[in-house]
Amino acid sequence: MSTAASEQRTGGSRLIWVPLAGFVLLFAIVAIGLWRPADRTVRSALVGKPMPGIALAPVVAGKPGIEAGRFAKGQARLVNIFASWCIPCAAEAPQLLRLKAMGVPIDAVAVKDTPAAVAAFLARYGDPYDAIGGDPDSAVQFALGSSGVPETFLVDGNGRIVEQHVGDIRAEEVDGLAAKVRGLR
Amino acid sequence: MAEAGLAALWFAAVLALLQLLLGALTIRWGGRADATPRRAASIAALAGSVRPVAVVQGLLSAVAMLCLIWVFATSDMTVKLVVENSQSAKPMMYKVAGAWGNHEGSMLLWVTILGLAGGAVALLERRLEERTLIATLAAQAAIALGFYAFLLVASNPFARIWPAPADGLGLNPLLQDPGLAFHPPTLYVGYVGLSVAFSFAVGALVTGDVGPAFARAMRPWVLGAWTFLTVGITAGSYWAYYELGWGGWWFWDPVENASLMPWLAATALLHSVTVLATRDGLRAWTVMLAVVAFSMSMIGTFLVRSGILTSVHAFAVDPTRGAFILALLAIYIGGALALFALRVGTVRQGTTFDLVSREGGLVLNNLLLSVILGIVLIGTLYPLVAAGFGVQLSIGAPFFDKAAGPIALILVAAMAVGPLVRWRRDDGQAVLARMTWPIAASAFTAAGLIALGGSMAILPLLALSLAAGLAVASIAPLWGRALRRTPLAIWGMVVAHLGVAVSLAGMAASSAWTQERLVAVGPGEPTRVGPFTVTLVGIAPVLGENWSGLEGQLRATRDEDVLILKPQQRFFANPPTTTNETSIRSFWDGQLYTVLGQPDGRGRWQVRLWWKPFVTLIWLGGALIAIGGALSLIGRVARDRRAAQRGGWA
Amino acid sequence: MRRAILAALALLAASGVSPLAADTPLPAQPLAYTQLADPAQEARAKALMETLRCLVCQGQSIADSDASMAGDMRALVRQRIAAGESPAAIRRWLISRYGDYVSYDPPLSGATWPLYLAPILLLLAGIWIARASFRKRRR
């Protein structure tokens with residue numbers, strides 16, 4: 001830089017503005033990062049792709065687990081990833097019950113949970129599920145590309161994942177979700 | 001008390017504004033050749049007032065900081081900041097440290113150090129041309145003014161709360177640690193030192209006075225800043241090592257990178273300023289580096305505070321504050337770089353060098369350090385750029401190791417040769433002859449490792465061999481010198497370069513030979529890790545001043561030595577957090593590192609054990625580097641003093 | 001008060017209940033916190049874990065995290081390595097689930113080539129700038 005810089009007096013090159021240009025670029029990058037923070041949610045890379053073939057053992061008595069091939073039987077459904085120890089899951093329960101009442105079929109994956117705790121959770125917050133499979137070691141979560149509880153996957157009748165909903169479903173989102181499921185039939 | 005602090009802060013801000021205006025007027029009017037004697041006298045009066053104003057401004061900011069420490073020490077729960085970050089049941093040390101363990105307080109500490117540094121420049125600096133000094137102080141005032149505005153407008157540390165609650169919310173338990181209580185202030189001193197170098201550069205650009213005198217005035221500040229940054233990074237690394245509980249000491253985390261980047265720039269600056277002081281070369285480049293070094297510390301502060309990058313160390317994340325820092329950054333750095341582009345043409349060309357010369361070696365040092373700096377900067381910000389295009393990706397150790405690792409090793413090799421090359425011009429053959437012993441040390445180490453170790457990874461092997469060569473080469477400048485008459489600055493260089501060799505050896509040895517045991521054990525079951533046999537004796541509850549916890553008792557034996565280690569799990573109620581307290585024992589040949597994990601539900605406990613050969617050398621090397629910096633600083637300052645007393649030019 | 005806390009802690013120690021409220025009641029999987037028996041396999045697993053990003057932490061690899069999900073991912077890596085799968089295949093499998101975010105070692109792709117080109121460009125630019133500082137020896 002030193003002589004390149006001092007040659008400027010005679011040469012009149014514009015290179016001397018390069019550091020400032022570099023700084024302006026840097027400034028732009030961080031300013032954009034600050035004012036328009038990118039979505040930090042880690043989304044599943046499986047959206048738009050077929051549901052992985054999962055088969056899960058039942059968790060609670062009188063409720064089937066998830067058998068292989070369940071998602072390619074022509075009916076669109078929601079798969080709710082939840083856990084009895086997760087507080088937002090309890091907050092989400094009324095919305096799931098409403099979806100169920102609207103005729104949306106919902107299956108569940110209970111993450112790292114015990115049968116007794118799941119049964120108590122369902123007794124307390126209601127049971128909107130057609131089937132509940134247990135995922136004692138997060139293996140299904142990893143297979144689905146899910147990074148927390150609760151999450152809800154929308155799967156179409158051919159077993160393709162259409163959408164991933166990260167976090168609890170809010171009351172105002174219920175109608176839209178139900179409409180999407182109906183639209184897929 | 002809080003109001004007194006606030007008042008001091010306001011007065012200091014007003015004085016900073018005054019200092020800036022006085023300085024600017026002096027420079028503007030003083031530049032005219034046609035000044036009448038009366039006019040010249042009034043300009044001299046103006047110029048003479050800048051120094052005292054700077055000193056008083058520094059003192060006032062210190063008063064504000066003392067007021068804040070006072071309200072924290074007395075747990076004054078009518079002050080909002082105390083309520084949010086402290087608690088009456090807490091050791092006194094952490095109450096005091098709590099004053100800067102939060103955003104507002106740390107910013108106040110920043111301006112306090114800045115103000116005191118400005119005052120010190122005003123009091124002590126006598127070598128620089130008066131006009132350049134005034135311009136420097138004006139630039140320093142401009143920086144301080146921005147931070148005063150930031151504090152007073154966007155983050156008042158003295159705001160009261162009504163009604164006052166009975167007790168505070170507490171300090172993050174991770175921060176309740178002696179290492180971390182003093183880690184941020186150390187880094188701030190380093191950052192502020194770089195801001196002084198920046199102000200010198202701006203001052204020199206304004207007056208076009210870039211030369212050896214400017215370099216000598218700036219050098220102690222760069223040395224001091226660099227020493228403190230070294231201490232800060234070394235301490236931060238050790239803190240992460242024992243606190244996070246997985247045995248790692250560097251994670252290439254954005255916040256770590258934010259502290260590494262100013263250090264890299266300061267290291268480059270330290271070497272280029274020597275070229276400027278000794279040989280009057282690298283003029284524009286040195287000015288540029290001074291601007292870059294301070295930019296890096298501002299960008300680092302911004303990245304940490306704005307939370308635009310996810311980090312384990314993120315705290316006080318707030319986009320508004322981020323925006324404020326960003327605006328300051330744009331004004332100072334953008335302004336300085338524009339000034340650089342406009343004014344550097346007035347800086348006369350410095351001397352050029354022969355390729356084989358000490359200067360040539362220092363240019364290589366600057367080149368490689370700058371490239372590493374660029375890699376760290378790009379690697380840190382790249383995920384942000386990608387996110388702007390909707391791509392989520394993560395950049396971590398694999399990228400930095402691959403991209404910066406080889407360059408760092410070349411730099412180490414250059415470090416070994418550089419100090420053995422003469423200034424001005426040297427002969428390649430002669431340099432090679434001087435390198436005989438270092439090369440022999442490297443070859444011997446490599447051969448020994450291959451013979452003994454057998455299957456050793458190539459990178460640690462290379463690093464250990466280079467470290468051995470560098471260790472020998474770094475002492476070589478002392479050969480044939482009368483040790484007692486050797487200048488302290490030379491000692492500083494020797495010790496610092498030796499520190500790099502020691503640290504590198506520690507990194508390579510621990511990465512090559514670490515042994516890890518992650519096991520679930522019941523009482524009485526022995527586990528072997530490295531040369532130790534470790535047995536869990538029992539688990540017992542313990543109580544601390546503001547936490548409760550469980551303590552594992554581990555009995556470790558090696559040959560006849562028996563020692564007891566007590567790793568803990570601590571539960572803090574306020575705010576509710578669990579932390580792991582590692583228990584570490586150091587030996588001459590490594591560290592035994594133990595962590596107590598969770599029970600496995602079947603009556604056993606998870607324990608994590610590591611034997612880390614020579615890992616301590618990493619931080620010992622860091623300490624040596626810092627000691628080298630301090631020796632050099634003392635040597636330079638003492639020499640300048642003597643020269644000033646003799647009345648000659650320093 | 002002090003005694004009550006001690007008693008509660010002793011109970012905690014005995015029962016092994018995790019102290020955190022909103023966390024799973026199940027104990028961590030064995031392979032989350034214990035190593036594979038085969039040192040060569042464990043070394044491969046460890047090297048891979050150091051380059052996988054914990055999904056729920058703030059920028060840590062799964063090898064350095066106490067989060068329960070990081071533990072599960074460590075167990076998954078160890079199980080698959082023990083079953084004979086290659087580290088590269090496991091990384092690919094995780095990337096097919098989570099995208100490049102999960103890997104600290106981003107693959108060379110349309111989005112990352114500027115990143116990998118940057119060090120080389122920086123070095124060339126540096127040499128070009130430094131070149132100007134040297135006197136021409138022979139003309």
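Note that Cβ sites are derived from N, Cα and C of the backbone, with glycine treated the same way.
What TrEMBL says about a protein is an automatic prediction, not a curated fact.
Quick look at what TrEMBL lists:
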type: DOMAIN; residues: B:100-306; note: domain 'Cytochrome c assembly protein'
type: DOMAIN; residues: B:326-636; note: domain 'Cytochrome c-type biogenesis protein CcmF C-terminal'
type: TRANSMEM; residues: B:6-31; note: transmembrane segment
type: TRANSMEM; residues: B:52-73; note: transmembrane segment
type: TRANSMEM; residues: B:107-124; note: transmembrane segment
type: TRANSMEM; residues: B:133-154; note: transmembrane segment
type: TRANSMEM; residues: B:188-208; note: transmembrane segment
type: TRANSMEM; residues: B:220-240; note: transmembrane segment
type: TRANSMEM; residues: B:260-277; note: transmembrane segment
type: TRANSMEM; residues: B:284-303; note: transmembrane segment
type: TRANSMEM; residues: B:323-342; note: transmembrane segment
type: TRANSMEM; residues: B:435-452; note: transmembrane segment
type: TRANSMEM; residues: B:458-476; note: transmembrane segment
type: TRANSMEM; residues: B:488-509; note: transmembrane segment
* Structure fact -> Note: vs the transmembrane segment (B:284-303), the recorded stretch with the largest number of Cβ pairs under 8 Å from B:6-31, B:107-124, B:188-208, B:323-342, B:435-452 is B:188-208
* Quickly jot the same-chain residues contacting the transmembrane segment (B:323-342) by Cβ under 8 Å, restricted to those at least six beyond its ends, or write none. => 142-143, 146-147, 150, 153-154, 198, 201-202, 205-206, 284, 287-288, 291, 294-295, 298-299, 301-302, 305-306
* **Positions on the same chain near the transmembrane segment (B:488-509), where near means CB under 8 A and six or more residues out** => 412, 415, 419, 459-461, 463-464, 466-468, 470-471, 473-475, 477-478, 481, 613-636, 638-639
* To do: Would you mind listing the long-range same-chain contacts of the transmembrane segment (B:6-31), meaning Cβ under 8 Å and 6+ residues beyond its ends?
  => 39, 43, 46-47, 49-50, 53-54, 56-57, 60-61, 63-64, 67, 108, 111, 115, 131, 134-135, 137-138, 140-142, 144-145, 148-149, 151-152, 156, 158, 206-207
* Structure fact -> In the domain 'Cytochrome c assembly protein' (B:100-306), averaged pLDDT is 89
